[in-house]
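Chemist: Taken from Swiss-Prot, the feature ATP binding site covers Gly138, Gly139, Lys140, Gly141, Gln142, Gly143, Lys144, Thr145, and the record attributes it to sequence analysis. Annotation comment: Swiss-Prot describes 1-32 as transit peptide.
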Amino acid sequence: MQVTMKSSAVSGQRVGGARVATRSVRRAQLQVVAPSRKQMGRWRSIDAGVDASDDQQDITRGREMVDDLFQGGFGAGGTHNAVLSSQEYLSQSRASFNNIEDGFYISPAFLDKMTIHIAKNFMDLPKIKVPLILGIWGGKGQGKTFQCALAYKKLGIAPIVMSAGELESGNAGEPAKLIRTRYREASDIIKKGRMCSLFINDLDAGAGRMGDTTQYTVNNQMVNATLMNIADNPTNVQLPGVYKNEEIPRVPIVCTGNDFSTLYAPLIRDGRMEKYYWNPTREDRIGVCMGIFQEDNVQRREVENLVDTFPGQSIDFFGALRARVYDDMVRQWITDTGVDKIGQQLVNARQKVAMPKVSMDLNVLIKYGKSLVDEQENVKRVQLADAYLSGAELAGHGGSSLPEAYSR
């Protein structure tokens, strides 16, 4: 006959044998069992003295590995969030490129160069010194950064991103330390089994010398020296004041710029930096423009004519041209709404202002394209800064600075 005890009072007081059984079970639960090798290795990567992580980004690694009682909650009120600098790091440093939609053109030569560079840096090639840095340089507005973003997304890489503005600081040595920190953050991601890369935008603008008008600071010198040191020792990158003989995964570095001749010459030598001049061909320009006008029902033949009409313009010229076409519609909306009421419609309205698609035929695009070219020529011709009080010419060929299609 089996007796079921429903309460602890019955099991602990009324039945003596049950109390003894309960105590024996509790003693069995409190016995210390020697951990197996599998259990010891389970925590090996985050043990003190073994974990080489620079920050507290990874405090969530113990999630679902320990008892729920000792797990902090996630979310705004939780305590199991990476708090040190991880929110800024996730939102500013690491780019996911989830906002890039399919349909954009990637130059085959550009993708080939980036893919080979990243693959070579992750390979163990015998007795071959692979340059750690890939320097992509070329004219302004040619889509270097966007092509890099498309290539990264194609490769499934979420890189650690830095900009030229982070290469200068009021404190000496801060930018060099930041480069090392970001490099080690990317190395930590690779250590966990995911590809990563360090991506530096406009390196020449932050670390180069732009003539005699700019001052060469200690930080400029330290940035160049730090990149040289990392390129020579990519698996031994230490933070200032920390000297541990440890080996970290190698992180390929990709940087963009307009003129690498402004950089420190030993940095851009062939053993440290592989240089790639990005000059899009006619097919590249047509392919990129097809992505720009993909939602406007512009035919390929019209895009080819548009590119041939403005052969000397950069690729971002055509993006600005597409935005310029909406000027007439926005001007008409402002007229209908009233200048004094547009704030209520644009900021405080419950529904956003929706504009219908503008018909973009070749004639309209060429018309607005010529107006953009005229503005460029005005800047070159007037040069107001050189002769500000010397009777500079008015903008426009006819002496009018009024926008096109404006009527008094």
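Numbering starts at 1 and runs along the chain as it is shown here.
Keep in mind that glycine also has a Cβ here, set from the backbone N, Cα and C atoms.
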Chemist: If you skip the near sequence neighbours and keep only those at least six away, which residues in the chain come within under 8 angstroms of Thr145 (ATP binding site), Cβ to Cβ?
Modeler: Asn201, Thr256
Chemist: Specify all same-chain residues, apart from the site residues Gly138, Gly139, Lys140, Gly141, Gln142, Gly143, Lys144, Thr145, whose Cβ lies within 8 angstroms of the center of the Cβ atoms of the ATP site, ordered by sequence.
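Modeler: Close Cβ neighbours, site residues excluded: Thr256, Asn258, Trp278, Ser314, Ile315, Asp316.
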Chemist: With Cβ-Cβ distance below 8 Å and at least 6 positions apart along the chain, what are the contacts of Gly143 (ATP binding site)? List them in sequence order.
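Modeler: Listed in sequence order: Pro280, Val288, Ile315, Asp316.
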Chemist: Measuring CB to CB from Lys144 (ATP binding site), give everything in the same chain under 8 Å that is also at least six residues away in sequence.
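Modeler: In sequence order, Ile136, Trp137, Gly138, Thr256, Trp278 meet the Cβ cut-off.
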Chemist: Starting from each candidate's C-beta and looking 10 angstroms out, tell me which of the binding-site residues Gly138, Gly139, Gly141 has the most other C-beta atoms.
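Modeler: For the binding-site residues Gly138, Gly139, Gly141, the Cβ with the most other Cβ atoms within 10 Å is Gly138.
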Chemist: Which of Lys140, Gln142 (the binding-site residues) has the most other Cβ atoms within 10 Å?
Modeler: Gln142
Chemist: Any idea what DSSP makes of Gly143 (ATP binding site), helix, strand or coil?
Modeler: coil
